[in-house]
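Below you'll find the structure, written out as structure tokens, and then a few comments.
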């Protein structure tokens, strides 16, 4: 029952959003943000804009909202459904010298105020600077322009007015009594409630010809790649197999002379650092499954209209998919006859969560030091810990048991030599593991590079990402390119008489994550105007986490493709 309640809470806010004429609607102040630094957010009450005698109402946040840094305060504006307000004071303030310094700094840094009315986001400038004489103004009047359709609010906009000068180089200002006022204007609209978020979307950006062309181009590129790989490998392998079979009839010595058959008895030898390989592989498949499920859910029920829901869904689904990670961990570790199953289980279960925790807690500590609203509340940390302990870990153990039992029923059918053959030290430069690992990720990264730009722009530039169909198609094209590249890399490695294909297939495709992190540097310095240590840390902390996630997903998919390829080619070869 606790799990069901948590999952329901993580889903959408199920209120009807219906109002009767004259019913109260609360305008919530959320946070203030320097426009160029979207993660450097502060609670609205951190600036001395409106000083009240008593603390107003605060919105009860869900888990996802708290993790995303929301802090909602009642604005104090008396707003009633379909009732216009000409002009009314909602707060009076007097600004001290320190207050003026804080306001001047905020205006110079182009701080904006984010608000919510009936879950519709509204953005407003804090003030403006007169660059001719250096005077600083803050806007003291808000005009709320609201639209309704039947009993629903369908649009919400704001206009700022009545700028009050709070700083002047030439004139001494009296700021002992500054009134903050608002007015409300209601107008009927034909916009239906289900489409009210369409005005926040940017089809001109996401659905332009470049986006469509990039998807089609990636599709054609992957198809050509798959065709070339299938053609080359099919013809090459057929010739190799025919040659080996004819040689077997003549001489066993010739049959094992050179090539990928030479390492047939070692191809299924357990990879070095099996416990680490198991952890990375199992986590990769858990994350890949999570990505597909989350994207499908977003296609069925868009999350951009529901504050914090996306984060809640990710946390809950990742926890439920502990059973997938556990299954893959137990299966692959048993496949290669690992000896320390309990230690590997613990390491696999904790590997990714510990990495995320280290990054998150480092950034959270920084947010606390900066008094930023990006800092997660302690209660939210406890909720995530409870989710981890009571849902993720038990399911991971169950999955591990299932995977172990499954692999015991279907063990490795290929014979492994007792003594491994020596690996050739002299190789062609293009068959060196380092080169293959670095080069392997280039083409798959190219297939998603355009989509990465759209995702980055959504996350770092106040846009709602809603083209999840593009994302799903792009992910499957990405997976196909990973499998093709991994097969080619594995064939090259085996043909150079090197049986260490496990790690090489994983790293060659996982290197996409490295290129993603390199791309994040380009995007930061050439596509944004971010500045400051706080935003720098959050940007590269988040992109580092995303890059590591892509590394695990790509590596797991690539290795899986190579495993089935290796199993297939050695299935038709007889060994003495």
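Using N, Cα and C of the backbone, Cβ positions are placed for all residues, glycine too.
As given in TrEMBL:
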SIGNAL    1-18  signal peptide
TRANSMEM  212-234  transmembrane segment
TRANSMEM  284-304  transmembrane segment
TRANSMEM  310-333  transmembrane segment
TRANSMEM  345-370  transmembrane segment
TRANSMEM  376-399  transmembrane segment
TRANSMEM  434-456  transmembrane segment
TRANSMEM  468-494  transmembrane segment
TRANSMEM  501-525  transmembrane segment
TRANSMEM  545-566  transmembrane segment
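Between the transmembrane segment (468-494) and the transmembrane segment (376-399), fewer than three CB pairs separated by 6 or more residues in sequence fall under 8 Å, so the two stretches do not touch.
Here the transmembrane segment (434-456) has Cβ contacts under 8 Å with residues 205-206, 210-211, 214-215, 218, 221-222, 225, 465, 467, 470-471, 474, 477-478, 481-482, 485-486, 489, 492-493, 504, 507-516, 519-520, 523, 527, 554, 558 of the same chain, all six or more residues outside its ends. Long-range Cβ contacts of the transmembrane segment (284-304) within its own chain (Cβ-Cβ under 8 Å, at least 6 residues beyond either end) map to 12, 197, 200-201, 310, 313-314, 317-318, 321-322, 324-325, 328, 352, 464-466, 468-469, 471-472, 475, 479, 549, 552-557, 560. Same-chain neighbours of the transmembrane segment (501-525): 267, 271-272, 277, 280-281, 433, 436-442, 444-445, 448-449, 452-453, 456, 460, 482, 485-486, 489-490, 493-494, 536, 539-540, 543-544, 546-552, 554-559, 561-563, 566, counting only residues six or more beyond its ends whose CB sits under 8 Å from a CB of the stretch.
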